[in-house]
Amino acid sequence: MEPKDSPMPRWSLSSGSGLHYGSFVNSLSSLTPKAEETEEPAISQRRSYIAVAVLCYINLLNYTERYTIAGVLPDIQQFFGINDGTSALIQTVFICSFLLLAPLFGYLGDRYNRKYIMIGGLIVWLVTAAGSSFVTESHFWLLMLLRGMVGIGEASYSTIAPTIIADLFVGTKRSMIICIFYIFIPVGSGLGYITGAGVASITGDWRWALRITPILGVVGLFLLVFLCPNPPRGAAETHGEGVSGQSSYLEDVKYLLKNKTYLWSTMGVTATAFLSGALAFWMPTFLSRAQVSQGLRPACVKEPCDSTDSYIFGAVTVLTGILGGILGSGLSRWLREKFPKSDPLICASGLLGAAPCLFITIFVASTSIPATYVFIFFGEILISLNWAVMADILLYVVIPTRRSTAEALQISVGHLLGDAGSPFLVGAISDALSKSKPVSPESSFHSLKYSLLVCPVVGILGGLFFFLSSLYIIGDRKAAAQLVEGGPREPQDPSSEPPIELSNADKTNHEDNLSQSI
């Protein structure tokens, strides 16, 4: 891979133009056309839509594979003889490797050929995901290791794919495409439960459930190689010319830390990830234990276990993901022109509305399973409002040459404080509560029920984080747009860093550099 894609984009956002860090943030002097470069034609709409279809297909497989484990979790617990806390480590190890490597892929994605990075990551994902299905019952540690390596492949893809979409489309069309891309998160998650439970039921072996997505992933690999382009960074905003950047990683991080919208929305994303991770991993098991507690079905003592709840919860997740994603994106496009702060407020409303639904879900499961599914349905729709909207927020408040880094850091923080720990935290609390009671189906249900109460609390906190981001979004969005388009920059907020004053010598040096670049 060459450090810079060829040919070089004509618009430069370089931090090495004779100014120290801060000139990039506080002036547009470095945004200069390079006349000696030939103009890069824009990628055709047809090719762009084909690329989006490929990226959406791989995104679907990523999340299907991730939640196949949750669809066969009771079988895995029986096969390896593990408790709630230990079984939750399967997901925690995967997420930890995912979040630790995301910053690395973000750094590479802002500087190297993004298509090659995704291809390499997808190959690692295919090999390790398939390999985890061949682990024997005496080698649980090997399953943990392979699940951790699966996270390497997903980190490369999830960090970079949204930035490619951002460089193919702009404005309301970008919002629509991002909505479609992120709808495949809950759709893939729901299909993971259905696929896992269905294949395990048909074959009588849960390990076959882990082999389906790698087989389909081979198709995705070939599609990615032959049909997905690597557009110039910022191509959509500069009519195909692109934007180049030569800033250091430390400068990228400093830039993001000054972006208040990015910081607060990242905390909101973290809360959303916490909820999604805990509910996705534990809700099918919780519903199964609720029915055992009510005497509606016998307890599972030997695999394969009853997978009915995985089927139903998977179908609900798919449906609510589609409806919530479309509703959230539609509200965003409708309200954004009238109310510039609407996007973070939509996300805040989704999490604040989901909190009481989750609270009711947890307690009504003791008496009525149909009513439980009703509140799960409304709670998941409200959470799904956020997926496309919060991704769109990042893309329009961060400049093109730092989007991969921004995505990577948001993924790392979101998973580290979100779904990396939430399944394990819920499982650990459940184990701690069950130790004080005799072992029985009723005690295992009630211990898991009370441990899930952490979810509505986190939902309320997430809503507050998104509300705080709405206070800064107008200024941050204008700043990012003006840096790319070439207009003067307005302060992000009253506490923003003041413009840097240049000495006469600095001005002379900068003018010389500017004239040379022209």
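Glycine is treated like the rest: Cβ placed from N, Cα and C.
Database features, via TrEMBL:
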type	residues	note
DOMAIN	51-474	domain 'Major facilitator superfamily (MFS) profile'
TRANSMEM	88-109	transmembrane segment
TRANSMEM	116-135	transmembrane segment
TRANSMEM	141-165	transmembrane segment
TRANSMEM	177-202	transmembrane segment
TRANSMEM	208-228	transmembrane segment
TRANSMEM	262-283	transmembrane segment
TRANSMEM	311-332	transmembrane segment
TRANSMEM	344-365	transmembrane segment
TRANSMEM	371-399	transmembrane segment
TRANSMEM	411-430	transmembrane segment
TRANSMEM	450-474	transmembrane segment
REGION	484-518	region 'Disordered'
COMPBIAS	507-518	compositional bias 'Basic and acidic residues'
Stretch of maximal Cβ-Cβ contact with the transmembrane segment (262-283) [cut-off: under 8 Å; candidates 88-109, 208-228, 344-365, 450-474]: 450-474
Result, the transmembrane segment (450-474) in contact with the transmembrane segment (344-365) (3+ CB pairs under 8 Å): yes
Cβ-based contact of the transmembrane segment (116-135) with the transmembrane segment (311-332), 3 or more pairs under 8 Å: no
Top partner of the transmembrane segment (411-430) among 177-202, 311-332, 371-399, 450-474 - counted as Cβ pairs under 8 Å: 450-474
Stretch of maximal Cβ-Cβ contact with the transmembrane segment (450-474) [cut-off: under 8 Å; candidates 141-165, 177-202, 371-399]: 371-399
Long-range neighbours of the transmembrane segment (371-399), counting only residues six or more past its ends (CB under 8 A): 13, 162-163, 166, 174-175, 178-179, 181-183, 185-186, 234, 243, 245, 255-256, 259, 261-262, 265, 268-269, 272, 275-276, 279, 283, 287, 290, 312-313, 316-317, 319-321, 323-325, 327-329, 331-332, 343-344, 346-347, 349-351, 353-354, 357-358, 360-361, 364-365, 406-407, 410, 466, 469, 473, 476-477, 479-481, 483-484
